[in-house]
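**Q** If you scroll down you'll find the structure; I have some questions about it.
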Amino acid sequence: CPGAPAWPRSPWHEEMGLLLLVLLLLILPLLLPGTYGLPFYNGFYYANSANDQNAGNGHGKDLLNGVKLVVETPEETLFTYQGASVILPCRYRYEPALVSPRRVRIKWWKLSENGAPEKDVLVAIGLRHRTFGDYQGRVHLRQDKEHDVSLEIQDLRLEDYGRYRCEVIDGLEDESGLVELELRGVVFPYQSPQGRYQLNFHEGQQVCAEQGAVVASFEQLFRAWEEGLDWCNAGWLQDATVQYPIMLPRQPCGGPGLAPGVRSYGPRHRRLHRYDVFCFATALKGRVYYLEHPEKLTLTEAREACQEDGAMIAKVGQLFAAWRFQGLDRCDAGWLADGSARYPVAHPHPNCGPPEPGVRSFGFPDPQSRLYGVYCYRQH
């Protein structure tokens, strides 16, 4: 009415207006055709009702009432080596068997371990598929036979080992299985050229990578201890704990009263605390050899000699792998890429150090000294 006073807007009116707007935004997508009930994952719409009603025997999402979806993966661990290709087996079936084929969705991912995040590997719907991250260009589904959804990984990398899950999704039904992948390898302790306990966790990761290796996991260290690894210096592991393996209890290593085992200092600060590190190197695709040369060499001359021989100076991880898997046995100390001098003994014999097999070390000599030969690495 003319001249009537305006009602003042209260905060309550403003809150109600905002609430109605939010409710409208939530309800509107449900009213639009073609999007209701389509969950979105990694670029794929999972159109359960739209696709499944015309699949199989026409019963749609009720098809699997009384039918069991079964996913089969191997119970045993798969072992392989860096650079190889491997197939992670996974098959599915229905109980009882179905006459008409079903369109299913497949998802492979790598499980979280030792603090590392879970990683998507591959998702597929029919002929469409998508791969992720470092796996792009290296993985694909086999699908050679009916109900075969095995995953092939090519050019295996050190970080590829671990547990993988294969999930098969049929409408509202889904089942999965685990595949465990291990790389054949060897654990070795590594110490900085500056001496004992000089590496924080991140520096430990770096030096292992420089030696053709990764930081070892607890499981890898434990397996190495079972095989006889005895080392009294504590080192970083992949989960940022600090541990060391003891076969023969003795005074400097926790005392003779403790039982053999893997001793643990527990988690340590990744940046502030400093220790040695345990590295893990896998079996090689190439060959490590001691270069026959008429005279001893400086470190620089050693690098050049390997290059002239069509190879490169070997890394510490490569020497350990050659000793462990190729039986490299040589009583001559030689330069390695990190500036250390070492030699591998697979079959102990007189005048060649301790009576146990292993890789002996002379530490990090003066790079200008001419007391050593060189170990080279040539890739196949």
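Yeah, the Cβs are placed from backbone N, Cα and C, and that goes for glycine too.
The disulfide bond feature in TrEMBL is assigned to CYS232-CYS253, CYS331-CYS352. If you look up TrEMBL, you'll see 68-184 marked as domain 'Ig-like'. For 186-281, 286-378, the entry in TrEMBL reads domain 'Link'. The annotation signal peptide is assigned in TrEMBL to 1-37.
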**Q** Can you count the other CB atoms that lie within 10 A of the CB of CYS232 (disulfide bond)?
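**A** A count of 14.
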**Q** How many of the residues that make up the domain 'Ig-like' (68-184) does DSSP mark as helix, as strand and as coil?
**A** 6 helix, 62 strand, 49 coil
**Q** Output the one of CYS253, CYS331, CYS352 that, of all these disulfide-bonded residues, has the highest number of other Cβ atoms within 10 Å of its Cβ.
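**A** When each Cβ's neighbours within 10 Å are tallied, CYS253 leads.
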**Q** Please report the Cα separation of CYS253 (disulfide bond) and CYS352 (disulfide bond) in Å, rounded to an integer.
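**A** Spelling it out, the Cα of CYS253 (disulfide bond) and the Cα of CYS352 (disulfide bond) are 26 Å apart.
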